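In what follows, a structure is listed as structure tokens, so that the remarks can point back to it.
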Amino acid sequence: MEEAAAGLSRFKANYAVERKIEPFYKGGKVQLDQTGQHLFCVCGTKVNILDVASGAMLQSLEQEDQEDITAFDLSPDDEVLVTASRALLLAHWAWREGSVIRLWKAIHTAPVASMAFDPTSTLLATGGCDGAVRIWDIVRHYGTHHFRGSPGVVHLVAFHPDPARLLLFSSATDAAIRIWSLQDQSCLAVLTAHYSAVTSLTFSTDGHTMLSSGRDKICIVWDLRSHQTLRTIPVFESVEAAVLLPEELAPKLGVKSTGLYFLTAGSQGTLRVWEAASGQCVHTQQQLPGPGRELTHCTLVRAAGLLLTVTADHNLLLYKAHSLKLQKQFAGYSEEVLDVRFLGPEDSHIVVASNSPCLKVFELQTSACQILHGHTDIVLALDVFRKGWLFASCAKDQSIRIWRMNKTGEVTCVAQGSGHTHSVGTICCSRLKETFLVTGSQDCTVKLWPVPKALLSKSTASDGGPVLLQAQATQRCHDKDINSVAVAPNDKLLATGSQDRTAKLWSLPQCQLLGVFSGHRRGLWCVQFSPMDQVLATASADGTVKLWALQDFSCLKTFEGHDASVLKVAFVSRGTQLLSSGSDGLVKLWTIKNNECIRTLDAHHDKVWGLHCSRLDDRALTGASDSCVILWKDVTEMEQAEEQAKREEQVVKQQELDNLLQEKRYLRALGLAISLDRPHTVLTVIQAIRKDPEALEKLEATVLRLRRDQKEALLRFCVTWNTNSRHCHEAQAVLGVLLRHEAPEELLAYEGVQSSLEALLPYTERHFQRLSRTLQAATFLDFLWHNMKLPTLPAAPSAL
């Protein structure tokens, strides 16, 4: 039993990054390939390529100039990807391999703002911020056309779908659509009907009709033969993209007859289908609550039957084109991550609260993402109930919500409650049973919310909408904002931490004050009960973590090491160690017994707001203001096993080395010693060779049969030995062999030979000077010996 207990409470020594969920899209263009299998999107200086099925990042392409990508386009045949950077360079990529085929100057005098391929994938049009439109032959590598005349930024270029017509369409800041003839190298027509920026152009299959959309809340159908307006359709929202639907029936979208139908995406955040002939909206997607739902991009991949939309929150949503059924969700950018939690009985999922009203749930194995809507303002904190299926969230909208995850990983909101008069900044679930919640708010109060029994029965259907929660008790606890609440493992105690620099202990469910923990110099960010002992941990903006006794409210220990505010603290290793995270971007591992910080984990670049440990205590989860969520794995046992294996290997090799020296197998011994990378062991082998009666021949034979990399290592070791007068003879002997038998050009080709020679010269000169002085002294001694006249010694007296 004692051994088992010792094994359970074994100290952790290190964590390693197992997984990192990073931003992959920060706004700008997104594009799917024709198969719908790969997703291309811009993230600062890179174009990221994602596998749609798994959500995994396949490639991250960055140009040599490391400047922001301003435009990119994938050719219709999915073979050619071209990117344009702020440094006015265009790059032609073999995107599957992640290598640049060709790099050339854009010739534009300002960055490229838009880009489009023609249907044959041979011509590329670029529209610049300088008002110029240029066309490039990608196959023959030269510029074919240069069209001037557009005022301001050319933010939209598109080729006519019929390559025989050789027509290019562009739009700039004057809201006009220009039609350029590649054959005549001139502007055929200027279509003026929009009053604000034109956001998209799309063409009918016969090529005679074009649909344009704009931020002036209208869509216009054009006749490309007469260059006249056929119909102007008011859509009552600023449209970012309009897509012509395939000419086939789609009853689920209201398309019940043949004719021209199009879909719009814009500021209202919903997809709507319109009939061009009547100008009527025939289908409207159900609107989800909360801000940040505005749609910024929409693109249709006809071959794959997929529709991709992008929200203002940088979420990417993939729909079935014929039914608008949601297929996939991707969270491109989370901004500031405020809290993170493991979900599921086996910690198979994680839930992330970022600077958004939406929650994001990720499945760790497949990277599948689910975006949860419900709150109407930023979600500030999360907590999970004991079994892992239910979790709770609180937000700036003064409300709380309870969510349930089913066995397939789908999450729905099952309860909601409101009652606080200010932002709800912290939430904690009961520990023993799923019976209640505690919330703390900026209104300086704590509320106790019983969980309705109806939520706990698995048969409860969520179709009826969320159950309403009612607060059972309300208690004003502090004079300033309450930043943290924690429920004890037995559900009988509550701890609160506040901006007023104190933590308080309360009894549950009466919310009676039991005592105050005073000692921090600044506000408290986190309070946490020990899972084993009657101890409370507090993390403060004064840069310290303190441990307090629940019996007498005295401070037991103070942990100092963070350079800034400590934002979160958690007990690990059965309450014998602490993990803390701070606004310095560091996560620290502490051993409570000796107050020692045994490891500092540095992977975040900004405030680490979220910290949570798994049920098995083998992984940790952190989320920070750098928009990264990191999954850490406890690698203590792995590192100890590796260290043990290394030690055993060293012992075996040392024994083998001793045996080789005993058998005078010097070549094997020297090779083994060099592989161990231990200069002193190599020196021992050289010394053993030099003790041999045929030392010079054996040293030459052994050294010259070494591989080149072994000779390079031997030369490095010689530099070390040569600094010591006791070992310089071995170094000089090896150098002598190399200099006598290796060609100068071969020696100069050795790695690091120049620095080695620079280090060898001064010590070698000193050794020779010392030897010269010794030789002079020896010669003088010899002279004295020959010239000394020694008196004859008296005979020894004979013994009686």
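The backbone N, Cα and C atoms fix where each Cβ goes, glycine too.
Keep in mind the model is a prediction, meaning the values are calculated, not measured.
Summarising the annotation, TrEMBL assigns domain 'U3 small nucleolar RNA-associated protein 13 C-terminal' to 654-788.
Positions annotated as repeat 'WD' by TrEMBL: 105-138 (among others). Tertiary proximity for the repeat 'WD' (105-138) is limited to same-chain residues at least six positions away from its ends with a CB under 8 Å from its CB atoms, namely 70-77, 79-80, 82, 84-86, 88-90, 92, 144-159, 161-163, 168, 170, 172, 180, 182.
For 147-190 (among others), the entry in TrEMBL reads repeat 'WD'. The average per-residue pLDDT of the prediction over the repeat 'WD' (147-190) is 94, rounded to a whole number.
A Cβ distance under 8 Å defines the sequence-distant neighbours of the repeat 'WD' (191-232), meaning residues of its chain 6+ beyond its ends; these are 155-156, 158, 160-162, 165, 169, 171, 173, 175-179, 238-244, 247, 260, 262, 264, 274, 276-277, 279, 298. Sequence annotations record features per position, and here TrEMBL assigns repeat 'WD' to 191-232 (among others).
Sorting each residue of the repeat 'WD' (372-413) by its DSSP state yields 0 helix, 23 strand, 19 coil. If you look up TrEMBL, you'll see 372-413 (among others) marked as repeat 'WD'.
If you look at the repeat 'WD' (417-449), the same-chain residues 6 or more away from its ends with a CB under 8 A from one of its CBs are 377, 380-387, 390-396, 398-402, 455-456, 468-491, 494, 496, 498, 506, 508-509, 511. Residues or ranges marked as repeat 'WD' in TrEMBL: 417-449 (among others).
The repeat 'WD' annotation in TrEMBL covers 475-508 (among others). Remote same-chain residues near the repeat 'WD' (475-508) are listed as 425-433, 435-436, 438-442, 444-448, 514-518, 520-529, 531, 536, 538, 540, 548, 550, 553 (criterion: CB distance under 8 Å, separation of at least six residues from the stretch ends).
Sequence annotations record features per position, and here TrEMBL assigns repeat 'WD' to 517-558 (among others). Through the fold, the repeat 'WD' (517-558) approaches residues 480-481, 483-489, 493, 495-505, 564-571, 574-575, 578, 580, 582, 590, 592, 595 of its own chain, all at least 6 residues removed from its boundaries and within a Cβ separation under 8 Å.
Non-local neighbours of the repeat 'WD' (559-600) in the same chain are 8-15, 522, 525-526, 528, 530-533, 535, 537-547, 606-613, 617, 620, 622, 624, 626, 632; each lies 6+ residues outside the stretch with a CB under 8 Å from one of its CB atoms. The feature repeat 'WD' is assigned by TrEMBL to 559-600 (among others).
Away from its own ends, the repeat 'WD' (147-190) comes close to residues 113-120, 123, 125-129, 131-135, 196-201, 203, 205, 207, 210, 212, 214, 216, 222, 224, 227 of its chain (Cβ-Cβ under 8 Å, at least six residues beyond either end).
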